[in-house]
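According to Swiss-Prot:
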ACT_SITE  Thr175  active site, nucleophile
BINDING   Arg202, Val203, Gly204, Asp205, Thr224, Gly225, Leu226, Gly227  substrate binding site
Amino acid sequence: MVAIIVHGGAGTIRKEERIPKVLEGVREAVLAGWKELKKGSALDAVEEAIKVLEDNPIFNAGTGSVLTIDGKVEMDAAIMRGKTLEAGAVAGIWGVKNPISVARKVMEKTDHVLLVGEGAVKFARIMGFPEYDPTTEERRKQWQELKEKLMKGEVRHWKKLGELIKEHPEVLRSTVGAVAFDGEEVVAGTSTGGVFLKMFGRVGDTPIIGAGTYANEVAGASCTGLGEVAIKLALAKTATDFVRLGLDAQAASEAAIELATKHFGKDTMGIIMVDSRGNVGFAKNTKHMSYAFMKEGMNEPEAGV
């Protein structure tokens with residue numbers, strides 16, 4: 001049974017009026033992915049769904065990515081095929097519209113898994129991806145306001161990211177992702193602009209295979225939230241291990257988030273999954289995580305936050 005699920009990031013949506021736009025965005029993405037999935041390719045479905053999310057400035061990936069501490073955009077993305085364990089990823093890339101498509105090219109056109117920074121940008125140009133500025137005025141304004149807020153008072157040094165997020169949940173702008181099963185294989189993909197005010201050069205879980213993105217013959221997972229948590233727990237791979245041990249995608253998602261909460265507390269993580277039986281799963285320990293999914297037999301996607 002074929003299935004696809006997408007997420008638009010875990011965290012706190014401060015402005016309630018944004019929720020309908022977020023729901024519309026994940027619905028649009030899952031429908032675009034479903035269209036490709038019905039043609040038979042989970043790989044095309046995952047890439048297309050994530051491209052739609054990257055192109056929507058309400059999400060923190062591609063256009064509308066958040067800014068680093070020095071006001072720049074550095075994006076991460078990864079994609080992985082469960083049948084062959086082929087994977088491609090980029091980290092700290094800038095000047096491209098769709099990092100997920102560059103990640104796919106890394107998988108298909110090189111012997112490598114991960115390209116970073118200037119090397120990733122050079123590779124993108126060689127592959128024909130044109131120069132593109134993903135910065136939006138809204139993100140620039142948010143960056144200025146947040147930086148001013150943090151600079152007020154007696155703060156003489158930058159606090160650890162985890163402490164900042166507890167005091168200012170809006171820092172956690174999270175990630176987008178998709179996981180699909182086409183009847184033959186599971187594919188997972190994730191893309192992000194990272195965390196607001198992250199240090200230059202910071203890489204989160206998204207492009208780390210096994211941490212934020214993973215797929216094998218039994219399941220696939222895409223994580224969202226505070227990347228350092230997913231890295232330390234190898235959370236995407238761990239979630240698929242739960243499926244190998246007999247859980248379905250939903251139970252495995254819940255088990256993965258319980259693990260994250262146990263070790264690192266609430267407001268840290270969300271996950272989506274699909275297993276090789278066509279089950280979808282999603283769980284979070286944050287206030288919100290936008291998601292939408294389609295399975296065989298459904299006429300319309302189910303979506304929520």
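One is the number of the first residue shown, and numbering goes on along the chain from there.
Glycine is no exception: its Cβ is also placed from the backbone N, Cα and C atoms.
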Cα of Gly227 (substrate binding site) to Cα of Thr175 (active site, nucleophile): how many Å, rounded? 9
Going by DSSP, give the three-state secondary structure for Thr224 (substrate binding site). strand
Out of these binding-site residues, Gly204, Gly227, which one has the fewest other C-beta atoms within 10 Å of its own C-beta? Gly204
Site with most surrounding Cβ atoms, counting all protein chains shown within 10 Å, from the binding-site residues Val203, Leu226: Leu226
Far apart in sequence but close in space: which same-chain residues, 6 or more away, have a Cβ under 8 Å from Thr175 (active site, nucleophile)? His7, Gly9, Ala10, Asn60, Ala61, Thr190, Ser191, Thr192, Gly204, Thr206, Gly212, Ser222, Cys223, Thr224, Gly225
Restricting to the record's substrate-binding residues (Arg202, Val203, Gly204, Asp205, Thr224, Gly225, Leu226, Gly227), give me the longest CA-CA distance in Å as a whole number. 16
Over all shown protein chains, what is the count of other CB atoms within 10 A of the CB belonging to Gly225 (substrate binding site)? 31
Reduced DSSP assignment, Gly204 (substrate binding site): coil
